[in-house]
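A short worksheet on the structure shown next.
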Amino acid sequence: MLASVAGPVSLALVLLLCTRPATGQDCSAQCQCAAEAAPRCPAGVSLVLDGCGCCRVCAKQLGELCTERDPCDPHKGLFCDFGSPANRKIGVCTAKDGAPCVFGGSVYRSGESFQSSCKYQCTCLDGAVGCVPLCSMDVRLPSPDCPFPRRVKLPGKCCEEWVCDEPKDRTVVGPALAAYRLEDTFGPDPTMMRANCLVQTTEWSACSKTCGMGISTRVTNDNTFCRLEKQSRLCMVRPCEADLEENIKKGKKCIRTPKIAKPVKFELSGCTSVKTYRAKFCGVCTDGRCCTPHRTTTLPVEFKCPDGEIMKKNMMFIKTCACHYNCPGDNDIFESLYYRKMYGDMA
């Protein structure tokens, strides 16, 4: 009798497991995967089962947005940090405390500082490397005695220096050069001493996306325990759907800070900001220059999700932008952290 019942019960159990509701954010009632084969992930990115236990997906990497459905790369010791137990919607992929860093073929302990080159001083923190430039990033504006300043690499010196070029075609006024400006952020003074603690804070990294919602990060020890910690904020340099080149005035080659017709609401993975914002965004150029944030500030933004849950995220707000020719080279990983090109985003 028991044997005769065991067969149907086992079959029913298997069917129940195969048709179980998927759990986690945005999981459908049943597992439904794309008909095509599993996605092809970039080199170094793991192919894992999604948080619903249904489909194979490319794991999210350090600093990327994650959800219960879109997991972080477990093979790199990453987990989805939601910030607080109340917020279980959207997090940021973070390395576990004490995770080492692998860079340039070398392994560095968490908390260890090193020079990646003569230009950058770096620190490993829980699997992530944060770097600050050692070379001066001063600005030299065009002047009568130096109308065409540019930075050049001099023999025997690590840091680039300013030199003055004579214009090829002299005119009465001459073309106006766009001066490069390092992004100016508001934070603690890096030289400030406090209770046996030298407060140090890296610059905010460039936004991970040149259009749409992205992530910007920095490393600081500006806290009660003087312990290095990673901070992240949302950022949007410009909306993806905006065709900004149409707004460039006749005879001009750039639009530095385009005017937004009406206040906007920000969207983040299906959640919408509670308030509307008359935000500023950076424009574009048609002559090869990059337009990037110059002055920014960080403010909290509340997002309301379809299920009524409210979550709060820090977000970058642009005060001014600068358009310049000092776009990063494709082979300089650290320059791209600060002065990322305004095209060719990798999804």
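Glycine residues also receive a Cβ, built from the backbone N, Cα and C atoms like all the rest.
The annotation disulfide bond is assigned in Swiss-Prot to CYS27-CYS52 (among others) on the grounds of sequence analysis. If you draw a 10 Å sphere around the CB of CYS52 (disulfide bond), it holds 24 other CB atoms from the protein chains shown. DSSP gives CYS52 (disulfide bond) a coil state; it is part of no helix or strand.
For CYS31-CYS54 (among others), the entry in Swiss-Prot reads disulfide bond.
A 10 Å cutoff on Cβ-Cβ distances gives CYS55 (disulfide bond) a total of 15 other Cβ atoms nearby, all chains included. Annotation source Swiss-Prot lists disulfide bond at CYS33-CYS55 (among others), citing sequence analysis.
The Cβ neighbour count for CYS58 (disulfide bond), using a 10 Å radius over every protein chain in view, is 17. Among the features that Swiss-Prot reports, disulfide bond is placed at CYS41-CYS58 (among others), with the record citing sequence analysis.
Long-range Cβ contacts of CYS66 (disulfide bond) within its own chain (separation 6+, distance under 8 Å): LYS60, CYS72, CYS80, ILE90, GLY91, VAL92, CYS93. Annotation source Swiss-Prot lists disulfide bond at CYS66-CYS80 (among others), citing sequence analysis.
Its own atom aside, the Cβ of CYS93 (disulfide bond) has 25 Cβ atoms within 10 angstroms in the protein chains shown. Residues or ranges marked as disulfide bond by Swiss-Prot: CYS72-CYS93 (among others).
For CYS291 (disulfide bond), the number of other Cβ atoms no farther than 10 Å from its own Cβ, over all displayed protein chains, is 25. Feature annotation from Swiss-Prot assigns disulfide bond to CYS254-CYS291 (among others); the stated evidence is similarity to another entry.
The number of other Cβ atoms within 10 Å of the Cβ belonging to CYS271 (disulfide bond), over all protein chains shown, comes to 20. For CYS271-CYS305 (among others), the entry in Swiss-Prot reads disulfide bond, with the evidence type similarity to another entry.
The Cβ neighbour count for CYS282 (disulfide bond), using a 10 Å radius and every protein chain shown, is 26. Residues annotated as disulfide bond in Swiss-Prot, with similarity to another entry given as evidence: CYS282-CYS321 (among others).
CYS285 (disulfide bond) counts 21 other C-beta atoms within 10 Å of its own C-beta, drawing on all protein chains shown. The disulfide bond annotation in Swiss-Prot covers CYS285-CYS323 (among others) and is backed by similarity to another entry.
As annotated by Swiss-Prot, disulfide bond applies to CYS290-CYS327 (among others), with the evidence given as similarity to another entry. Of all Cβ atoms in the shown protein chains, 23 besides its own fall within 10 Å of the Cβ of CYS290 (disulfide bond).
The domain 'IGFBP N-terminal' annotation in Swiss-Prot covers 25-96. The average pLDDT computed over the domain 'IGFBP N-terminal' (25-96) stands at 79.
Annotation comment: Swiss-Prot describes 99-165 as domain 'VWFC', evidence class sequence analysis.
Residue counts for the domain 'TSP type-1' (196-241) under DSSP (helix as H, G, I; strand as E, B; rest coil) come to 0 helix, 17 strand, 29 coil. According to Swiss-Prot, the feature domain 'TSP type-1' maps to 196-241, an assignment based on sequence analysis.
Taken from Swiss-Prot, the feature domain 'CTCK' covers 254-328. Counted with DSSP, the domain 'CTCK' (254-328) comes out as 0 helix, 41 strand, 34 coil.
Under the heading region 'Heparin-binding', Swiss-Prot lists 245-347.
Looking at CYS52 (disulfide bond) and CYS33 (disulfide bond), their Cα atoms lie 11 Å from each other. CYS41 (disulfide bond) sits 14 Å from CYS55 (disulfide bond), taking the Cα positions as reference.
CYS33 (disulfide bond) falls outside any helix or strand according to DSSP and counts as coil. Shown are the disulfide-bonded residues CYS33, CYS54, CYS305, CYS321; the one with the most C-beta atoms within 10 angstroms of its own C-beta is CYS321.
DSSP assigns CYS66 (disulfide bond) to a strand. Only CYS55, from the disulfide-bonded residues CYS55, CYS271, CYS282, CYS290, CYS291, CYS323, place their Cα within 10 Å of the Cα belonging to CYS31 (disulfide bond).
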